[in-house]
Amino acid sequence: MNRDGAGEGDSVSHEHSTSKTDEKAKTVPLYKLFAFADSFDVFLMICGSLGAIGNGVCLPLMTLLFGDLIDSFGKNQNNKDIVDVVSKVCLKFVYLGLGRLGAAFLQVACWMITGERQAAKIRSNYLKTILRQDIGFFDVETNTGEVVGRMSGDTVHIQDAMGEKVGKFIQLVSTFVGGFALAFAKGWLLTLVMLTSIPFLAMAGAAMALLVTRASSRGQAAYAKAATVVEQTIGSIRTVASFTGEKQAINSYKKYITSAYKSSIQQGFSTGLGLGVMIYVFFSSYALAIWFGGKMILEKGYTGGSVINVIIIVVAGSMSLGQTSPCVTAFAAGQAAAYKMFETIKRKPLIDAYDVNGKVLGDIRGDIELKDVHFSYPARPDEEIFDGFSLFIPSGATAALVGESGSGKSTVINLIERFYDPKAGEVLIDGINLKEFQLKWIRSKIGLVCQEPVLFSSSIMENIAYGKENATLQEIKVATELANAAKFINNLPQGLDTKVGEHGTQLSGGQKQRIAIARAILKDPRVLLLDEATSALDTESERVVQEALDRVMVNRTTVVVAHRLSTVRNADMIAVIHSGKMVEKGSHSELLKDSVGAYSQLIRCQEINKGHDAKPSDMASGSSFRNSNLNISREGSVISGGTSSFGNSSRHHSLNVLGLFAGLDLGSGSQRVGQEETGTTSQEPLRKVSLTRIAALNKPEIPVLLLGTVVAAINGAIFPLFGILISRVIEAFFKPADQLKKDSRFWAIIFVALGVTSLIVSPSQMYLFAVAGGKLIRRIQSMCFEKAVHMEVSWFDEPENSSGTMGARLSTDAALIRALVGDALSLAVQNAASAASGLIIAFTASWELALIILVMLPLIGINGFLQVKFMKGFSADAKSKYEEASQVANDAVGSIRTVASFCAEEKVMQMYNKQCEGPIKDGVKQGFISGLGFGFSFFILFCVYATSFYAAARLVEDGKTTFIDVFQVFFALTMAAIGISQSSTFAPDSSKAKVAAASIFAIIDRKSKIDSSDETGTVLENVKGDIELRHLSFTYPARPGIQIFRDLCLTIRAGKTVALVGESGSGKSTVISLLQRFYDPDSGQITLDGVELKKLQLKWLRQQMGLVGQEPVLFNDTIRANIAYGKGSEEAATESEIIAAAELANAHKFISSIQQGYDTVVGEKGIQLSGGQKQRVAIARAIVKEPKILLLDEATSALDAESERLVQDALDRVIVNRTTVVVAHRLSTIKNADVIAIVKNGVIAENGTHETLIKIDGGVYASLVQLHMTASN
């Protein structure tokens, strides 16, 4: 909707505010993450927690059994009972394994399922809250890219923090608590001494969590900015391509991902440092325990067995505490990610769409009154739009608001819809303040048709059904008939089920508009608000739609913002608004009586523009200003056929200016229809990506990785070495007193040394792998983005390459790939080193026993493999389903005004929840299977222990090994097993990462059919600007069944102006798309100065052309940067060039009058400027480029008479000596063209000057002009 100059500068303040809060890294208390749990979730969490406690206590219980074993072996090593005694203990191991299977299953399954369910609730609550916010919130605090980023990226962190990681955390803590309880029972004094290390551990852990949270918040903030760059670039790809802005987009994207990379390194280093300190503290405390334990044996009569039991239990308990660090990291990341989402969820909107309080009457009459209204847009509170504005519209009357662009006309509509509340004064309906009504009810009585209708990426039928809950097919059909849309819909292959594409790009402008009107008609409103509702239609459609509107307007209060003569002239009341004041009001004939009044001046303005070809009478009649339109086909200007238009991608509020153009003719079938049916066959299934391929991308970091590998290997060997030390200590404890004293001191020192090693090794390992992983992600993201930006335009017509989906791919997928390289490699090396050193130590101690255990290793291997298999989580299918769900969110947030005005919030939520059902079911299934795999793996492990000790007893019985060697083998292998089991915790990540890698490499490997990064091709020294289209035939790749051009020939001489005229959908804008090589013709050729376009360097070719579309796409940056974009970057254009271009485009004056001038930020999609203002900025952007060829696609259609005159003057100055191709409906523009070409049925039906064509009796042009004349009378 045209915001009438509202709100520049908003995003400026927003940028500052977010960056400040991010610095402080705010988080949510952990328990608050579970705020959305229902009773079933609570049940699951209780079961899961009980399972986790059971699972955790198994380890200390196992150490008790282990104490029994030491006793059994120690006391019976020389007698025949050893096998009997030991086998009894072994049986207990098997029972414990069974118990652990059940507990582990409950732990994993319950927590994974509840995590999936609650994350889904948070996502859906977040979207629900976003939809209920007042429109001002979207102007100031958020944008589509951020919402989609939070829903796809941040919820992954939140789910991570509330799913199986919680179970794991409870398990580890209960191991710790259970262990210490048993240790106190066995030997309290020694346990107390060992406990002294706990405060140090806690401090290290807390410091680490703090640092990690800080870094991760900073990283998320940088990624959110990068996501916005992706959203803006992909969403406006035609503009980016036309202005060769790819490089600029890539650079700003790289800037943000580099700052995210820096945060990730800090995060890695902090984690490593924390771990290193923890392990150092552990080892020092063991040193203390060994020295002190020796003392206890000598002085307090402890036995060696009990000392070892206490040490082992405390080791096991404390180690489990150390393993909580990934959980703590995940909690910290989840808490940081949840902060922004929960803040939003808690936010109470100023105008609440879900508020059920307020009056609900039987019906309303429809008297509308604005009483002494003071208003400024929230994004620019200092700039008053209205300062005491009043207006009364009696029920059933039609009131027309006219005035220049930016005067506040659309603001009236915004206030009546209650998108905003006035600062002072009131807006009344039937004498009751709007604030007193129930918002949903009063909005249901108001129908809105904007100048730039917003459609959702679903079918035509679903789009119309937004107008009314539970509408029947019959009602929908009647509404399409009334809106004159039934005919073109029936011509589409899928009829009402045709998909309209992202933002309706599959339809031409007029088609979109008629669907929007049908949607409003279905609502059967008492008050109808038409914001330029017919401006986008060609004469023929306009006549029929206007008749439809006339039928619909009967007995309804109607407020029209328009420039069209016919609409305004018959209005009961016309109000002329200037700079937020009503300067005149009355009927058409009353206002004309004052020959120096504002209205008469507007009309005169129009006459000059119009040329003098129309009869003065109609001129006068002229309402506001569109009468001059030869509106020949505005309807679609669009591009006829594909998604064309440049703007289209702009999407939402762009004012489109006239809305429309974006679409294409749908002459038949939505562009993507063919594919939808077949299930988008166009996309081949993703090829698997080999790990070597990803590793190759990490090549530059080989030195870092090698060093990291060495460090990780040292780190991995630490625990098995620890095993030798413990078995040596056991031995020492059974030695004579003086030897015991000496040995205990010696081994204590060795332990401290081991701790110091860990202190150096751990942070180095984390840091080195963070550098390698971070650089890899950054490289993959920039390669992928760079590749995507250079794809041919038709690639973006595919739904799977929409801006929302691409944003999710770049943020989520790239981060997952890192798990394959950095973290996973680091862990794999560490675990391999643990395993290898464990085996070596075991074999040296007792090769027979080690061999027996080794034979059983495959069992452990199989169980590890099963775990990996079971954890194949979040399969590709679920991933793309969530992508589809985020597209629903993307659409709704981008079109929040439409959603609000149709009270469609619940409908959007239903669509969103429907898209999420599948992935949630998959998550539940996956949780169930993972739980089984996880439990089973523990059972196998315990069976292996039981078998090993039984075999050991046999060997001891036969005298083949000694009791100390048995334990050395056991400790070395246990420690190795702990290493191996840790690596399986990375299983879920690697499978997700492979799917992610495939989706990213699918983009990197694709060859662009029209590659703007390709530097080859001819560059002409001197461009004259002769263009020739020879025998073109063309269909849009996404709709191969619809022929746009059959055999089109057209010659455009250098320096001349050619106007293309024709009905909506005839292919006029397609000519412009082909000239810029957004698409290539199927046959025939286009030449520039005799050279075929395909032979010219693409980037150079696009630099020779300046495009001004009817729906200009501006970026969320300053006005200066938007104009300089024409040169390719802000640095390339000097201040004087920018100002000169703005003056030429008649934009300098309005820019200078805004507080921040050229530094004003235009807002997402330029929403802070009115239509006419945006258009002038776009013209300045094209002028700065100094193009040889100018392409004007309805460039002035969105302007009021005054701006149009000025812009038209500017364009007249600019087109001198330039080859110009104009798609237009204004008689004046077309009439003065050197050649007018009529496009019809895929060929040029007539061409010549206005004078020659008008004389052809029964000619297409002559009849169009005739139709126009009668329409204006």
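Including glycine, each Cβ sits where the backbone N, Cα and C put it.
Cβ contacts within 10 Å of Lys409 (ATP 1 binding site), excluding its own Cβ and spanning all protein chains shown: 27. Marked as ATP 1 binding site by Swiss-Prot on the basis of sequence analysis: Gly403, Glu404, Ser405, Gly406, Ser407, Gly408, Lys409, Ser410.
With a 10 A radius on its CB, Ser1069 (ATP 2 binding site) counts 35 other CB atoms from all the protein chains. The ATP 2 binding site annotation in Swiss-Prot covers Gly1062, Glu1063, Ser1064, Gly1065, Ser1066, Gly1067, Lys1068, Ser1069 and rests on sequence analysis.
The domain 'ABC transmembrane type-1 2' annotation in Swiss-Prot covers 705-992.
Under DSSP, Asn470 (N-linked glycosylation site) is assigned to coil, being neither helix nor strand in the three-state scheme. Marked as N-linked glycosylation site by Swiss-Prot on the basis of sequence analysis: Asn470 (among others).
Marked as N-linked glycosylation site by Swiss-Prot on the basis of sequence analysis: Asn555 (among others). Under the DSSP three-state reduction, Asn555 (N-linked glycosylation site) is assigned to coil, being neither helix nor strand.
The N-linked glycosylation site feature in Swiss-Prot is assigned to Asn631 (among others); the stated evidence is sequence analysis.
Look at Swiss-Prot and you will find Asn648 (among others) tagged as N-linked glycosylation site.
For Asn801 (N-linked glycosylation site), the same-chain residues 6+ apart in sequence whose C-beta sits under 8 angstroms from its C-beta are Ile234, Ala788, Met791, Trp795. Annotation source Swiss-Prot lists N-linked glycosylation site at Asn801 (among others).
Annotation source Swiss-Prot lists N-linked glycosylation site at Asn1116 (among others), citing sequence analysis.
Feature annotation from Swiss-Prot assigns N-linked glycosylation site to Asn1217 (among others). Reduced to three states, the DSSP call for Asn1217 (N-linked glycosylation site) is coil. On its own chain, Asn1217 (N-linked glycosylation site) has Gly1055 as residues at least 6 apart in sequence with a Cβ closer than 8 Å to its own Cβ.
Taking a C-beta cut-off of under 8 Å and a sequence gap of six or more, Asn1247 (N-linked glycosylation site) has these contacts in its own chain: Leu1050, Val1235, Ile1236, Ala1237, Ile1238, Leu1253. For Asn1247 (among others), the entry in Swiss-Prot reads N-linked glycosylation site, with the evidence type sequence analysis.
Look at Swiss-Prot and you will find 1-20 tagged as region 'Disordered'.
Distance between Cα atoms for Ser1066 (ATP 2 binding site) and Ser405 (ATP 1 binding site): 30 Å, as a whole number. In this structure, Asn470 is the one among the recorded positions Ser410, Asn470, Asn555, Asn1116 with the smallest number of other Cβ atoms inside 10 Å of its Cβ. Shown are the binding-site residues Ser405, Ser407, Ser1064; the one with the most C-beta atoms within 10 angstroms of its own C-beta is Ser1064. With Ser407 (ATP 1 binding site) as the anchor, the candidate recorded positions are Asn555, Gly1062, Ser1069, Asn1116, and the one with the nearest CA is Asn1116.
Around Gly1062 (ATP 2 binding site), taking its Cβ as the centre, 25 other Cβ atoms fall within 10 Å, counting all chains. The number of other CB atoms found within 10 A of the CB of Glu404 (ATP 1 binding site), across every protein chain shown, is 27. Around Ser1066 (ATP 2 binding site), a 10 Å sphere centred on its CB holds 32 further CB atoms from the protein chains shown.
Here the Cα atom of Gly403 (ATP 1 binding site) is found 26 Å from that of Asn555 (N-linked glycosylation site). Set side by side, the binding-site residues Gly406, Gly1065 differ in how many other CB atoms lie within 10 angstroms of their CB, and the most is found at Gly1065. Taking each of the binding-site residues Gly408, Glu1063, Lys1068 in turn and counting other Cβ atoms within 10 Å of its Cβ gives the largest count for Lys1068. A sphere of 10 angstroms centred on the C-beta of Gly1067 (ATP 2 binding site) encloses 31 other C-beta atoms.
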